[in-house]
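Record features, source TrEMBL:
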- 299-526: domain 'Peptidase M1 membrane alanine aminopeptidase' (DOMAIN)
- H373, H377, E396: Zn(2+) binding site (BINDING)
- E374: active site, proton acceptor (ACT_SITE)
- Y459: site 'Transition state stabilizer' (SITE)
- 604-915: domain 'ERAP1-like C-terminal' (DOMAIN)
Amino acid sequence: MVKWHLTGYRRWISSPTGSVLLLVLLALVGDYSSRGVFAASPLPDQDDVLYHAASVSSIAATRDVDSTYFLPNTTVPTHYSISLRTDIHNDVRTFSAITRIYLTVLAPTDLIVMHVQELNIASVALYRIASTGGNEIWIDSPTYMIDIVREHVTFRTAGMLPLGNYALEVAYTGSMRNYQSGYLVSRYRNEANEWRSVGTTHFQATLARRVFPCYDEPALKATFDLKITHHRAYTAIANMPLASTDIDPNNREYLVSRFERTPLMSTYLLAFAVTDFKTLRNGQHEIVVRSNAQDDAMYALTVGSTILERLGSYLELSYYDYMPKMTSIAVPDRGTGAMENWGLVTYGEPSLLYNPAVNTYRNRKRVTTVIAHEYAHQWFGDLVSPRSWDFIWLSEGFATLYEYLATRLAEPGDEYWELFSVEVVQRAFLQDANEQIRPINWQAATQAEVSSLFDIIAYQKAGSVLNMFRNVLGESEWRQGLTQYLTDRGYDAATEENLALHLQRAVEGKDILPPTANVRDLLASWTDAPGFPVLNVYRLYRDGIMILSQERFLEHSVLPTGHVWHIPFNYAYESSATFYDLTTAGWLSSRAAKLETPVPDDEWVVFNKQQTGYYRVNYDRRNWDLLAQALMANRNAIHRANRAQLIDDAFNLARADLLDMAVVLRLMRYLRAERDYAPWYAADKVLTYLYDKVRATEHEHAFLVYVDELIEEVYATLSVDTVGQGESTLYKYLRQLITGWACRIGYKDCLERSRAALRKELLPGQGESSVAVHPDVRAVVYCYGLQQDSAEEFQLIFQRLMASRNQAERTDLIDALGCARNADSITSLLVTIVFSAAPDTTFVYLSEERNRVFQAIYSGGRAPTLALMNVLSDSVSVQQLLAIVGEGTIANAVMNIAQRTNGAEEMARLEMMLTAMNGILPPGTLNNARDTAAARPQWFTTAEGLIVGEFLEQYNLP
């Protein structure tokens, strides 16, 4: 699963009058109300609040869980027969259903316990299934009791049930929500600009129980029969193909859609949808999409089919050997996540729809990698599920690895695999350096505990560790082990032991691992302990001898630990730069060891080639100096992935006081000649961190001179406003990064080109034709094109936002609008949030877009942030916004403003805003913002701050 956005409540207030917001509304509104092209608002009940995979469970290293949340093992399911009726075509947000659960009693009992959440049970009947066949025998109408905390329903029978097979039939009703929970409602505008409601499902991790009583634990697999009664104007789809469609005998306006029986699978993987969408087909591969987005689905139809086929070939297990079809559905206004339901994958539209005319190369990358992630789950998670949520990484870790690796199999020209180290490994490091982080294997019992496991540890860290073992074991043995693992555990559940067993068998007798080592022990050193190590390489500069040692890497502290990781290492050096030979040279399985190498004492050495190992590397100061000199002389002497690694490791080692920050800044001087994206990605994090510290201080000018020195030569090779034929994906990433910095630090050429390109598209001169800005350069051109007083262009971009039905494009346009330096434009944008919740409004935002507006503004620079602060300083305005977007959004904006506050003048302005918000936000929130801003100047009194300031002095030119 790619994490979905969750939601928070909002409500409409009756009158927006009396605030500063209304005074500037006409600046943006113009004659919108007379245009007649915007539909009335659907006035949804709730709004989305950002929740994503970067979140992490910050908890102690060990814990006990409440085992009473687990179901007893006296009964187990074998089959479900579900009959559900829905009126979603009329936006009716309730449903009725009858579910028959076929189960086996394993120990005599009078209690049948399963899961349920917010279902209103009408009747219950229990039947005995004779072992010899024949008719079912009615036994009882059990009583029941619901534990709303544990979400258990306990059915009590009149007498003890002997061992055997039974069927429990439950009739009930339930409700739909408009966020990712059970059977949910989404809304969209059709070709006639009418609002339509559709129903889809999301059951992971513990939400199938919202739709039918069930044994809602991943190991308790069963088969499913599904029957859905729905209006004839709509179509039902599910995991399996449609078996039959009949007219409802009770109402000829309705149809009864029956689906083929599923294979054995977990409850969280059941899925269905009831929509008026269209289906596009490429053989057995289908895309289901609203009718006015069919063109946007063509890319996914093609690339998805290829990815599914290539993954099957790679694993030597064709998807279609297990399932008869693959359907992907694009769900409107459902954020950007996706869910891997077996045979029916659900996506938020930006993760499945791509239109090259309006969407960027980043949107294309997201669609490709999310499809690859979800299709990898068809094997890792669906065919073989985790035995318990403790092992969710066996699902999400593999999917994270193959969302990149599968694209190399299917679309190698896109170069997405090149991003794995910077987007996955380095991202995991940031969270995994927390002292309170959890290990990969982690117990969970309550719903909240289970939900918290879907974090960066299960996704990025697990994916990184799996990739490390893929390289250690070798691609051939790795694939062989995975194929046997999937074959052996197919239609069943697995633990880490099962995976390790088959990987061990694949390498047995091949001299791949040390003689006394086994995969289980090696893997456990990474999965059973929190955090990750730093490999310290201390060179004696005497006959190639080095001392290797390991310790846990933490972002802000050093703690003693008795844990020892089994660290696979390899290295390259100046006269043997074998960066493409990823063979493991040795293992560090102790706290420290002496290593004899052939490395000449006057040459540099780099450990962890291409950063395939999940650990940081620190060197003695002399080796760091040799590396800096080598990069200045010839950057290509060191592999691009290791150049990125050196920058990222050095910066984070310096942040942890394990290295001098001046080493980092000197190392980065070579970037003036760097043309690869990965090192610049790592450098961008350093520059962003430092600019946040020095902006609006005495060091800002020197820092800008330093950045100018780094980017000047690279910028000269790039085009700000045009896209050439045959540009590679990584070139596009590099261009956006470099031109973004060029415009940010005030390059006249960058700003003028952005401004001119924006005007050529939106306001061409008399007699000139409009020249559209290519989507791949739009982010920089639009953002910095709005840096001048550009109210007219701002209005035109806003109009495009309101007219667009492409959610990814809408997000890009919101981000652009947030860059505007015109205070009235920013205020007007906030006005539209207030009016968007009114009945019959012409301002239509999707559910999470109001929050995105705030994020775009405080991320857009100081000028738009000041405009936002002016609005938040007006008590009436902030109360109106609060009533619509919720306290969380406003509080988040306040904290982000505080985190960007530098200098006495900005601090005074912040205090004015916080004082005006007394009585509106809780005192704790306001005080936290004050404390955050007040602490920022203290950085200049730290060793890191003093070293950076001293280094920048040389750039403080008159």
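Glycine residues also receive a Cβ, built from the backbone N, Cα and C atoms like all the rest.
Just so it is clear, the model here is predicted, and its values are computed rather than measured.
Everything TrEMBL records as a feature, shown here on the structure.
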residue: H373; record: Zn(2+) binding site; CB count, 10 Å: 28
residue: E374; record: active site, proton acceptor; CB count, 10 Å: 29
residue: H377; record: Zn(2+) binding site; CB count, 10 Å: 27
residue: E396; record: Zn(2+) binding site; CB count, 10 Å: 29
residue: Y459; record: site 'Transition state stabilizer'; CB count, 10 Å: 28
Completion exercise
Of the recorded positions E374, H377, E396, within 10 Å of Y459 (site 'Transition state stabilizer') (CA to CA), in sequence order, we find E396
Handout entry: Stretch-averaged pLDDT - the domain 'ERAP1-like C-terminal' (604-915)
Key = 94
Exercise for the section: Using the recorded Zn(2+) site (H373, H377, E396) as reference, state which further residues of the same chain have their Cβ within 8 Å of the centre of those residues' Cβ atoms, listed in sequence order. Expected result: M1, V2, E340, E374, A376, F380, G381, S395, F398, A399, T400, Y402, E403, Y459
